[in-house]
Structures are given as C-alpha cells and as structure tokens.
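Enquirer: Okay, here's the structure, questions in a sec.
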C-alpha cells in the first residue's frame, strides 16, 4: 500500500490485534454468482492469497477530493476521531458491515467494532456516530435516554447536542463501489491453474485440487498449510521462523464443502470461523432444540474467538490443528464428540478426543496428513452441551481457561449415562477430566455427586506453581467454577442479555455570545474528516525519498550483564544492509543528562565488523532487557530487521539484578532525591485517635499503547550539516536539542516538524528524543534519509510505561470516621534510568491529600532504581497512583468502622476556605458541587438500596457501587515550563496561518487554537489554518503535557491575534462596514505588518521541598464519578452497569473535545485499575509485548450506561476564557470501577462471614477479584508457599 501511496491503512501492531489496518476484501463466487464482503487485518493478509479478490481501503470509501462517505462523516462529526490513527480501521469495519447490512442493529455495530482498538475516545462518540445507521436509532433508548418513549414516559430534553444527525449525508447503498467486472469475467471463464509466487527466501504455492494438494503435502510434509495466516503470519513476523515453502489451499473447493447427514453436519476444514458461525446459526431454527446442543455451544464460543477480522479469515481446520492449549473451540469440539476427516494416502475418520492432542501445538496426525472436513454431530434428547471461557478481556482475547462439557441423561432420569469434560488452559494440551467424569457417570446428578466430583477434579487437574502463564490458583479455581456453572445450567438453563447504551451531555453557551464565535461550542476536530478518510498524514505516511534507509534496533536480551563481544559481521553481509550504528559513531554527546544522571544513547562496545576472533570488552554493561546496543540501517524495513537479528552479542551475567521495589529498597538502590512532606504532628496525633490501621497497596504499571508507535524520519538537507527531523513527539524542542547535542552541531541546524501524533499520553517525550538521536546519527553517517518506526513489541519493550507503585500507610481515625493522622510511603519502580521519575515522585506527594483535609499528614516517596526498562511519564504523572493508595486507605477505614465508604469520604472532604498540605489556598466549593451533583445524577441512594436487594437475592453474582472525587493540580511545578509562544500570519487574501508550540495528539489542541484565533480576529474558523508544529516557526517550545497545552498556547495565540487586531484598528475605523478581506488588503497597501508573534508568561509556580511549602499549581480541576458493576463471583468477570461523571472544567472552549478527553481518560483509567497487566519474566523480559498479550479496554468494556456532565456556572480566572485543563484529571475516575468491584467482592465475602479490610491490588483483574471473593471453590485450592518455587512472572 505504501508503494502505491495508499497510506490511509495504518500499521498499528502487525499482529491483527488492534484493527488499525482493517480493509474490506470482496470475492466473487461463480457457483452462486454472489459477491461476499468481509473485513480483514491487512497486516496478516498475504498478498499472494488475494488473487481474484478486490481489496477496498479507506481511500476507496471516500475522500475530501471526491465525496466523503456517510461512515466517514458520521464518525468525524460525532467527534469519534481524536488522534485519528485508529479512525481508518474503524471506518472500514463499519463500512464492511453496511455493505452486508445497510440497516444494522446496535449489536451488529458493537460486533463489527470488536477488533478495533482506540486509546483516545473511550469509544462512546464512535458508537454514537455509527448508531445513526441503526433502524432503532430514533428511539430515545438508543440515543442514551434512561426512560423510553415506547413506555409512554417523558424523556429529559438535552439543552445542547454534540452533533445534529439531521445534517448527515444519507446512506445510499446504490452508490457504493461495484465489484470489478474484469474479476467476475476472469472467475467465470479462466480455467483454474496452480499459482506459484517466489520471493527472496520463500515460495508460495496455491493448488486448485485436493489431489494436487495431497501430492504437494506428501512431497513437502513440513510445509505449512495457510488459509487465514493468523498463526503462521505472526510466527514469521515476530519469531523469525522461516518457511521455504508455504502451501495455500484456499482454492481447493473440497475444503469448503458443507454436507448435512442424518447424524450431523460435515463442515469443510477451510471454512472461516465466521462462515461456520453463520452456518450454525442458520441451522439452529431448522431443528428441534434437543438436536442442536453442540451447535449452540459452538456458536456461542465462536463469537468470542479473536476479533471479527480474525474470524473472517481464520479457518476451522487451522484452529484445530494449531492445537493451542487454551483453544476456545477444541474443548467444545472434543466434548461434543466431533470428528475430523483426514486424507493422505487415503481418507480416515479421526475422533477429536483426549488422544488427538499429544503435546503443545502437536496433534496425533502425521505431517503429510490433511484435515479435509470436521463433523459436528446432532445432540440427542436428554443431552446438554455447554461452553465456558474466562479471558482477561471479554472479547478479542486469548482465554485464561476454557471448557466444553456434555452430559447425557436417559429419559425421565437424573442418572448420568455419559459425560465429557474438557479444559483448555490447564496444561500443554486440551485435557480431558476423565477421572471426574468417571466419578459422576452412573450416579444421579445431585449435590452429593457434584461435591465428590469437585474433589476429584481438583486432584486430577494439577498445575505446578511455576506453570507457564501463571495465575495458577485462579486457573485451578476456574475449573471448579465452570463445573459448578454447568451444574447450574443443567438445573436451570440460565440466560442473560446485555446492550450497550452510551450516555448524555450538558453544557451551556452564554446567550449574548455571537453566533460566529466558536468558543464554547462543540466544534468538530479540525482534522477529523481527513483522519476518517485516511488522508491525514502521520510520520510514517511521509513519502519515501530516493535512497532512504530504514533503521532497526538491536537491544539487550539480558537485564544485568557485561557485554563481552559485539559481532556485526554477519549482519553486514546480508542483502540490503548498509551499516551498523554503534556508540562510536556518535559525533557529539554519547549520553543524555537528567537530574544529575547520565543515560547512554547506545551501550558502548568494541565492534567486530570482520570475521576475526571475538573482541573482549571491559566495563561495558547493560542494565535492562531492551536497552539499545546498536542499530542496523538497510534499504528496507525487512532487511533492517533481518540484519538486526543477525548481530551477535556476548554477555557475562552480573550478580543480583534488581526487579522489584522491595529488592531495590533492601539494596538502597534509589534515584535521588528522595522526598518527604509533612503537615501537623503525625506522631503525636496517632496517640490521640480511637483507631490505628496499617495496610499496603500495590499498583501495576501501564503501557501507553498509543496507536502510532514511536516514529521518526531524519533527512539530511545536504549542506552545512542541516537536518529536518519529522518526529512523533510531544516536545519538538526537546528532540531538536537532543539531536543537536548528539551530532555536535548548533540547534539552528536542526528543524523538528510535528504534523500530528497518533496518540502519546506522556510516552513520546524522553525516549522519543533518544530514538531520534540514534536515527539522526545514522542519517549523519550515511548522508541518507533514515526512517525508524518501531514494531509494537519493540515499542513496548523499549519505551517504558507508567510507574508501578507500592504504597504503605498507617492511618489514625476516630469512631465517627474523621481521619486525624496518616503516614504514607510510596515506592515507585523507576527502572534502569532516571527519566522523569523524580518529578513523578514529587507529584505523587503533592496529591496525597486528594479531596481530603487530613490535619496531620506525612508522605514519603522514593524512585527505586531497578533492572527493568526505564519507566516514564504517563497521563496523570503519578497522580493516579498517589490518590489510589489514599482512596484504598479510606476504604479500609470504612471497612474497619463498618460504614459506607462514601460517608467516610464526605466526612473528610475539604470544606470552606482550605489550605493544602503544602500551603496552597483554594476553595473546595466546586468539588462539593461535583460530588453532590454526581450523587444526584446517579440516583446514588436508590441504586445503593437496589444493589443491596440484588445481593441478597443472588448468591453467585454481586453488585457493587462506588463514588470517588478528584482534585487535580494543573500546570507545571517547574515554573520555566509555564510559557508558550505563537506566530500568526495574515495573508493578502484574508486567510490566516497560525503556528504555536503545542503538538496535536488527539486532544484537539489545534482545533481549540483555531477557535481562539477565530474569536480574537472576529473571522470564521474556516479562514484559519494550522499546518504543523515546527521549531523553525516557534522556537523553544515546552512539552505538550500537564493538561496545560490549551492554557499556555491559547494565551500565546490570543496575544498574537490581539496584536494583529489592534494593528487593523485604524483601517476598520476608516471603513467600518468593510469586510475582513478588504481590511487586510488595505493594511498591506498601507504597509502595516500582517504577521505577529505572541507570548505567554505563565504563573511563577514553585515548590520548596526544604520548607515543604509552595505554590506548584495554578489551579485545581475538580470532579466526581459514580460507578456500578455486576460481578460474577465464580469467574471474576465484571460488567460496568452504569457510570456518571460530573467534571468542573470551567467554561469549556470546546465541549465535544473536553467530553472526549473525559471519556477517553476514564476508559484508560478503567484499563489501569481493572484490566491492563504488564508481566515480566523472572529474568526481566517483558512478556506482554502486543495486543494479544496486553489488553487495553475495547468496545465491550464501555459501561452499559455512560453519562458525562459538565458542571454549569463554573469560572476560572487563571486560564484562557475561564476554561480548565482536562486531559489528565479524569483518568483517576476510572478507579470508581475498581472500588465498585471491591464493594461487590466485599458483599460476596460477607456471605462467608469475612468482614473488614482485605487486600485487593490493582489492577482488579478477574483473577484477583475471583480469588478475593473467597468462594468455596477458591478456598479448595491449596496456596503455594512463596519461595518454594520460581514464579512464571515477577510481582512488579
């Protein structure tokens, strides 16, 4: 696609896990003379396999040059595109759905978006835009109202809508692209012939008959068969596995035949999982329910396998033959007595049972044998078949444990005649619980039999404590829980249904505001349309230049070791490899300095470039897995990656690597300074309280998972060592300075350009500059343009994450709930380099009060130096960790006293004129308004009573509620960062070009600056353009961070525009009725400058840590959030039933942008506190290096009812137009989901007589929630003794 300049399709992960590369594939079927359309991941779609197919990318759907498609328009105008990197994939998923179903239901929309991830929006606006295609879109329920017009009840009328759906283009299916007639003609007339494609190292053969396929496989038994490429593709791409020959049987019709018999259905092994699911759903109504038990269980499980894009290409036979131990389908197929038809020398029928799966990824079949079809039998009367699964995320996620169960009763009897129970995720293969089945068969299905069966099952399925995948206690408990669930279904056949219903919005614009004034209105993101059409240009979309090279990094595979040798000779011999860049090639500074510490760009080493004896190196060491050692530059991405893999590094391990904060603390391994802050007399206060409680709370890290990975292009200009750097960075000046230092040239020779960023969240500041330095050195050495775009796995390995934190606390409180004293200690896992960790610790300690006035408060913080990759800034910058420990402490106080947590929060909240623990005066009035309105909007008291009734009536499902406040300090405590500049040009035709120092990364900064300029100049936004952020137009910029981008840059743009407006005043006075264009022309003729700079000198903020006092923030953003969840106590799965957020953001410059920021941050917080886990091996290697292992929230995680309200009548004199910073504060509100889960867990524990505080660390994954419930099944699992085994993963 790049070679033909179709760059709209984005490369997000390379493994089919994010959906950014979604395209539509269309095939003509000559047998039925029909055309089929399906969505697929371009990153996994082999070009060789598309012979005869039509592929539609986002460019083919619509563009601003021709006409935009209704899908593109609605996603854009509903504010569903922020950073925009995921937008083309979203468009293509919905577009494909509409080609197949022009009037979809809401379930179809959410189903179509299963495989599309977004890190910015929180999904609500995307769903809102797409739901306008639904038949039920005009119903008030579908539009987010609580009551329904169908019930004859009135609905609340919103004062203002975020978009007007009446303005949308209608969807006209007759105007869509037709399937190319030449492909139809070829499919109808061309005789089938074997296709052979030869590449540099691989050959691809596509036979046309089963006989030819059998012969090919017999001659090449080790050659894999590829239909969907969902397994082989990632192996080739990420594991470097080479298959000299690949056989693609996609045109062998025998593999796609479906045959119905009196006993069941034979389904072709080549049929996609989507086709199998559609077939089963079509068959279900044709037969009595008693005959379709296996069909229904399989259909249910198929809907959860991967994403829709994966299911559209993955084959049934391939899914069986890869024999994954945690397969969704194999346990169900085995339990359902399914069989496969196999061919080699002849056809044989092989049952899918415990003997079929012999080891990890291996089956009983010989390499030359081919699965032709799969038999799915009808069930019998008295037979029940069920499927169960538990996964880290509800959809598009590999299972933790999966199961298929079948029981057969003779008519009129409860005695079990036959029973099959299979599990996935409980060993290297799909396993049969044979002994458990034997213990039940011939006995009546009753409690006595089942109790005995639980004990047998526990003994039968044993996992060692260090089993791959970890979660051993949880996995073992799930086997019992699934059997118990099966027991309940056998007895009651329970069913449930859910519907996604996103929420509402309230905001006001002053009545006297001019209609032409865009400030305060929900203006669409200025680039939303181009992002939805794929025309928006990101760093890697910049056209290739002649001679351009690609850079691939070589990183350390050891966490703490001395480098004994670096051999690049084999890499240099490979085709396409131009050079290897090492530390010796850096002409300027080889290190970057921060806080008195140095970080090397590349680990220094003596390099062996020829085939000589290995050079020994002294005193050169690496301090984490993923540390950058050298870089390979080559003519293509593939050649550079192959070259990087060929570099040989010798290591000598050093003793005692440190991975956890406990290990670092024991060795006093810290980055200085360590901080302490105290108000009152904590020690004395503890002597006077009624209760003293001590506890600790652990929070894991969080991967940024911006959709666009770290990307940069450095181009030598050709004279006087001048370079243009196109970088996806939040801090262009920081990157400019770093490149200049590394090359040893002045900063005026380096220009850093940032058009837009595909998401950042704090992760594109420090490490981005280091990567840009390495890329610039390569460009300097080769005198060629050099491009570096990290793979998702590389990015996650190298770039660091949010700091994991261990918080310890001691709290003293009175019987009425008043907290009189608290002593809190925070240990952050900083990783191997200092990065911004000391500043994170500072901000942690400045927020240990959150919304509460604790008269005696002490906080201590330390950044622990470990041998993990260096952690860095992440949205919230330590505040989400800081407040989480505090709120958990308050929850403990509530549990000790046996009182509701919201009451404890209210008793301790700031009241009246207040002073923080560092001496900053503020008013908590709006904090209380947010809190009270949140309780009112959510109907908290009534929902609390309803949840209590629900919990009394339900044993295995519990509902939990929580409401939390936030007080978040805005601006940089480092005063020099609170400044901004702008440059505004007015051209003779009246058009305006605005440049400022902030970067656009999805937060709508450019759109807001356009609104500011529009108001100040009195012209429509359409006359104002913002091209990019570059250091040659606005120098010495500060990072776009700290929720301060609009505040600072808005004031700078305003200053420049006011200067211009004042210059035009004499012209306006001469011609008051003239137009803007006439004034501009007259000014030019009158020799009046039409260009102006603007500058904003922000507040002089500071923090004196010696005096433990200061004014580190300009003001506070306040908010409150209510959440209700429903928890399955047997599996730990939960669903957010409802969320209500009230935020005080002053007078919003753009409500649609700010609501998008609130919703996106909330869902990112939901991921942080309940879902996202970084897993490291005992040797310090990050396991979770992509969307298949690391799960961020998806559409399925959006609360069923999601309401966001902006606090009315709020003013802020400290920021542009009385607005407030909003990018970071609402992330912490995702913790309401965590505390609602904890509330539900407490309800479950109380039934076992367990009351009082209990540990539940973050994230509250299904594993942690399930084990914390302490059900009878989890209590059966014997706990492993710490220290008696080597765990699969570290507890970071």
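Note: Cβ is positioned from N, Cα and C throughout, glycine not excepted.
Per TrEMBL, the features are:
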- 1-61: domain '2Fe-2S ferredoxin-type' (DOMAIN)
- 13, 18, 21, 43: [2Fe-2S] cluster 1 binding site (BINDING)
- 83, 86, 118, 120: [2Fe-2S] cluster 2 binding site (BINDING)
- 197-381: domain 'FAD-binding PCMH-type' (DOMAIN)
- 225-232, 315-319, 328, 389: FAD binding site (BINDING)
- 730, 761, 875, 1042: Mo-molybdopterin binding site (BINDING)
- 877: substrate binding site (BINDING)
- 1224: active site, proton acceptor (ACT_SITE)
Enquirer: If you draw a 10 Å sphere on the Cβ of residue 118 ([2Fe-2S] cluster 2 binding site), how many other Cβ atoms land inside?
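Expert: So the number of other Cβ atoms within 10 Å of residue 118 ([2Fe-2S] cluster 2 binding site) is 31.
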Enquirer: Roughly how many angstrom lie between the C-alpha atoms of residue 21 ([2Fe-2S] cluster 1 binding site) and residue 86 ([2Fe-2S] cluster 2 binding site)?
Expert: 8
Enquirer: Which chain neighbours of the [2Fe-2S] cluster 2 site, leaving out 83, 86, 118, 120, have a Cβ atom within 8 Å of the mean position of the site's Cβ atoms?
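Expert: Going along the sequence, the neighbours come out as 81, 82, 84, 85, 87, 119, 121, 707, 758, 759, 1002, 1160.
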Enquirer: Would you mind checking how many other C-beta atoms are within 10 angstroms of the C-beta on residue 86 ([2Fe-2S] cluster 2 binding site)?
Expert: 30
Enquirer: In terms of Cα spacing, which of the binding-site residues 229, 389, 1042 are within 10 angstroms of residue 86 ([2Fe-2S] cluster 2 binding site)?
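Expert: Checking each Cα against residue 86 ([2Fe-2S] cluster 2 binding site), there are no hits.
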Enquirer: Around the Cβ of residue 225 (FAD binding site), how many other Cβ atoms lie within 10 Å? Please give the count over every shown protein chain.
Expert: 23
Enquirer: Taking residue 875 (Mo-molybdopterin binding site) as the reference, which of 13, 43, 83, 229, 1224 (the recorded positions) have a CA within 10 A of its CA?
Expert: 1224
Enquirer: Among all protein chains shown, how many Cβ atoms are found within 10 Å of the Cβ of residue 877 (substrate binding site), not counting that one?
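Expert: The answer is 24.
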Enquirer: Taking only the residues in the domain '2Fe-2S ferredoxin-type' (1-61), give me the average pLDDT of this model.
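Expert: It averages 92.
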Enquirer: Looking at the binding-site residues 225, 315, 317, 1042, which ones sit with their CA no more than 10 Å from the CA of residue 877 (substrate binding site)?
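Expert: For residue 877 (substrate binding site), the binding-site residues whose Cα atoms are within 10 Å come to 1042.
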Enquirer: If the [2Fe-2S] cluster 1 site is taken as the center of the Cβ atoms of 13, 18, 21, 43, which further residues of that chain fall within 8 Å of it by their Cβ?
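Expert: Checked against the 8 Å cutoff, the neighbours are 10, 11, 12, 14, 15, 16, 17, 19, 20, 41, 42, 89, 792, 1187.
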Enquirer: In angstrom units, rounded to an integer, how far apart are the Cα atoms of residue 319 (FAD binding site) and residue 43 ([2Fe-2S] cluster 1 binding site)?
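Expert: The Cα atom of residue 319 (FAD binding site) is 19 Å away from the Cα atom of residue 43 ([2Fe-2S] cluster 1 binding site).
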Enquirer: Would you say which of the recorded positions 18, 229, 315, 1224 has the most Cβ atoms within 10 Å of its own Cβ?
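Expert: Ranked by Cβ atoms within 10 Å, first place goes to 18.
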Enquirer: Which recorded positions are spatial neighbours of residue 1042 (Mo-molybdopterin binding site) here, meaning Cα within 10 Å, out of 13, 43, 225, 229, 389, 1224?
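Expert: Within 10 Å of residue 1042 (Mo-molybdopterin binding site): 1224.
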Enquirer: Any same-chain residues 6+ apart from residue 761 (Mo-molybdopterin binding site) with CB under 8 Å of its CB? Would you list them in sequence order, or say none?
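Expert: Within the chain, residue 761 (Mo-molybdopterin binding site) has Cβ neighbours under 8 Å at 119, 704, 706, 874, 875, 1164.
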Enquirer: Out of 225, 231, 315, 1224, the recorded positions in the record, which is closest to residue 83 ([2Fe-2S] cluster 2 binding site) when you go by Cα distance?
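Expert: That would be 1224, nearest by Cα distance.
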Enquirer: Specify all same-chain residues, apart from the site residues 730, 761, 875, 1042, whose Cβ lies within 8 angstroms of the center of the Cβ atoms of the Mo-molybdopterin site, ordered by sequence.
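Expert: Output for this site, in sequence order: 760, 762, 763, 765, 873, 874, 877, 1040, 1041, 1223, 1224.
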Enquirer: Under 8 Å Cβ to Cβ from residue 317 (FAD binding site), same chain, six or more residues apart: give me those in sequence order, or none if nothing qualifies.
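Expert: Set apart from residue 317 (FAD binding site) by at least 6 residues yet with Cβ under 8 Å, we have 227, 255, 268, 269, 270, 340, 371, 374.
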Enquirer: Go through 231, 319, 730, the listed binding-site residues, and name the one with the sparsest Cβ surroundings, counting other Cβ atoms within 10 Å.
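Expert: Relative to the other binding-site residues in 231, 319, 730, 231 has the fewest Cβ atoms within 10 Å.
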Enquirer: Cα of residue 730 (Mo-molybdopterin binding site) to Cα of residue 18 ([2Fe-2S] cluster 1 binding site): how many Å, rounded?
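Expert: Residue 730 (Mo-molybdopterin binding site) to residue 18 ([2Fe-2S] cluster 1 binding site), Cα-Cα distance: 23 Å.
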Enquirer: Which one is it, among the recorded positions 13, 43, 118, 120, 1224, that lies nearest to residue 315 (FAD binding site) by Cα separation?
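Expert: Comparing Cα positions, the closest of these recorded positions turns out to be 43.
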